[in-house]
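What follows is one structure encoded as structure tokens, with my remarks underneath.
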Amino acid sequence: MKLVVINGTPRKFGRTRVVAKYIADQFEGELYDLAIEELPLYNGEESQRDLEAVKKLKTLVKAADGVVLCTPEYHNAMSGALKNSLDYLSSSEFIHKPVALLAVAGGGKGGINALNSMHASLAGVYANAIPKQVVLDGLHVQDGELGEDAKPLIHDVVKELKAYMSVYKEVKKQLGVE
């Protein structure tokens, strides 16, 4: 089964990127890295569909059996970079596809608001966010390294995502939409 991990931070050395890379490496996922990809600000113009970064994003998500969205929390919401990437996607990429949500919060404040903003945006594209979600604080990622205490939290959410990926594979089979 194909797993796609979207790093929602525009920072090349951000904590969220450390987490996203860990997930992609540990679980043989494909990383779409918003710190590297040159995804322009979404404007709704038809011409944006032909951009390579947009085609790559849409193709990866559509081909995935499951998606992990990782974001920092900026001003009580997901990053603008992640929201921008979601604006390029639609229900045709997310149909019958489970999505795991993970937020990396800094400064000891929350992360839950980033998750809530992801839920709201995902509802608009009929994405199926799984019940389990993770908030990691700044203590979980320090000096570019993922702390050992964060790894079980990540493994648990990916384990649940993979279970949902199996279920949705069967659902698609029964619906004849594979």
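Backbone N, Cα and C atoms are what each Cβ position is placed from, and that goes for glycine too.
Swiss-Prot lists GLY106, GLY107, GLY108, LYS109, GLY110, GLY111 with the feature NADP(+) binding site.
Feature annotations (Swiss-Prot) mapped to structure.
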residue	record	contacts (Cβ under 8 Å, 6+ apart)
GLY106	NADP(+) binding site	ARG15, PRO72, GLU73, ASP137, GLY138
GLY110	NADP(+) binding site	GLU73, ASN76, VAL135
GLY111	NADP(+) binding site	GLU73, ALA103, VAL104, ALA105, VAL135, LEU136, ASP137
